[in-house]
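Structure first, then comments.
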Amino acid sequence: MANIFTLMLAIATFSSGILWCLFKVKEKLINPFLNQKVAMRQKQYVINEISKNNNTLYMDRNLMRLQSCASIFPVLCIIFLVRSFILEPFQIPSSSMKPTLLVGDFILVKKFAYGVKNPITQTTLMKTSYPKRGDLVLFKYPLNPKLDYIKRVVGLPGDHIIYDYVNKHLIIYPYTDNSVMKLKKSLKITYNELHFDNFDKSLDLNNIQKKRTDCLQVFLDNETNIPSLDQTKNKESLGDVIHEILTVKGKQDNIKSYYQQPGYCLGEWVVPEKSYFMMGDNRDCSADSRFWGFVPEKNLVGKATMIWMSLDKEEGEWPIGVRLNRIGAVH
């Protein structure tokens, strides 16, 4: 959808730009000639003058429409450049990044965070930097590039990742290029349980079943083994990056639905070169790299920087207000 909108915006900008250039040429070259024709018309008979004036009025109406289209070219040009290369707005569609991002949040994505791309073909024109562990990244869903997903970077190229689906803990062995002796030392990851603020402490499974979201499959894969749907909010630290996550007490993933990397056990992955391992902060309600694999570097769109507006709403429902306290930077 984003690429289609970008293409439509590019076509509209290009078309209005052509009209804008034509009218600029008209002002300088054609208008003096038209003024001479008007002076000649004043010497013709009254009947012919009235008839030609009617035709002129008809032509003027069409001309005004074209001028209106041309006049919006500077605005369209600015929007196209900003949206394609600087900042792109994105609405959070699901609860997979809760509590960091909520349904109804509108975020700004820094498009040049990891490189400058051709807005139409999405080919990288210039590399600027690489994602860091803990970044909130917007990317093209690997199984359907027409869809945009937002998740947190958990694994970098070469990282060895193990997910303890019983305790909901991550174990990460960062990549090392020491070819002499590769002493595996895991990344320091800590978990601290927090008290709930305004988040629901329990989930209604019947309500989840009505909504075809990315958390639906995660829950229903092993529905009979869910003795409790009480949510727990934890503070997770990935090295120096600290953020909050949600887990469901008593709920274990159906490990058979995990993506199995050739040569490795289920729940264990080694991130390939130029790829990343993404996970949602709502760990038990997120379809992410655990289930469909790695995100290629070419699929990266940008880094989420801030919430610029937040509507108080639930998934699939109309908003009931505005959450001003949500506006600000995200990490």
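Glycine is treated like the rest: Cβ placed from N, Cα and C.
TrEMBL lists 6-23 (among others) with the feature transmembrane segment.
Per TrEMBL, the feature domain 'Peptidase S26' maps to 68-309.
The transmembrane segment feature in TrEMBL is assigned to 69-87 (among others).
A simple way to gauge crowding: the CB of Ser96 (active site) has 25 other CB atoms within 10 angstroms, across all the protein chains here. Taken from TrEMBL, the feature active site covers Ser96 (among others).
Residues or ranges marked as active site by TrEMBL: Lys151 (among others). Taking all protein chains in view, 23 other C-beta atoms sit within 10 angstroms of the C-beta of Lys151 (active site).
Of the recorded residues, Ser96 (active site) and Lys151 (active site) place their C-alpha atoms 8 Å from one another. DSSP assigns Ser96 (active site) to coil, not to a helix or a strand. On the 0 to 100 pLDDT scale, the domain 'Peptidase S26' (68-309) averages 84 in this prediction.
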